[in-house]
């Protein structure tokens, strides 16, 4: 484990773990997940962080704009989608203003994800001195490295001054302009007041449906503390991989300062890795689960190993719940996802579908101590073809916030029962079978 001053001594680590374990129902569960995390990957578990859970676009954008406005040295942004709409324009304007003030802006956007965004949209930023990279351009003549059309940058990362990091599932687009729980439900900080607001079932707490379409339900995080440096490293790796201009004359890695008590690991996965670190981390946590697995995911097309891990967990008595969208932007993915329902339900896994909102979140909470929020879907593309980024948080306090959010989502969801599912039409079954054939490519 590491903190603001580098690796911790055994005595310091034990003292911190004792505080995290205090109040937990079963410290053995915490110890087990901690041991697994320490064995996986090459990124350290960082102590001394403060994490805020942000729900939906409005709360996330408000927090991001405030952080951008306060930036004094650097702004590093990596995103799959940056639309040329009202929200996209607000971000470009905010970044341009900071660049004109002398703050260095570095932006990576994915060529496929931002296909509708012309290069001219970013030209004012470039003219002002910002560095802008189109990740793996569709046009091979524009590539800075080898042409790799199938490798996409699905990350959503914003780092301010090397001191604040945002990670989650939210892209830059006006589709996130409305919250899925109503205007009063915005974010989950670290206080009990936020948890109580989740449990409020007044009219204001219910999701809304805008005339232009369904509200988008998504989850993001704001972090301060030593772990921000780990996310900054991941941005730098992407920048160097795309052969961006040298980033000099700025303090991208300021001396880390303790900001709270959250223990966080930054996880970045790329197709260049021998295996997906996020996949290994998630499946290891699932295999180690003892009491509960609460998953929320937008695109659920698991491989055989992940599917088996979920079924086996339910078989040994773990409360396995998977929250999925009732509608999506890809019918092929939706039917492929449905093709797994039969065997999951038969194994005892509980499946829910979020109603009246477009579910786009990618989160999990296990055993009340292990949580993750990020960009990774539970599909082949995320684990094999995409650059992804997640945070893993250890501790009961953050897991309590995740569980409160999950329970709120379930209030606006429909449980899928096996008896009901077995009565779906033959046409739907045929569509599921056909979509399943393409699972590897979704």
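Including glycine, each Cβ sits where the backbone N, Cα and C put it.
Of the listed segments 150-170, 171-191, 192-212, TrEMBL assigns region 'Disordered' to 192-212.
The domain 'PLD phosphodiesterase' (149-176): residue composition by secondary structure is 3 helix, 13 strand, 12 coil, according to DSSP.
The predicted model assigns the domain 'PLD phosphodiesterase' (149-176) a mean pLDDT of 97.
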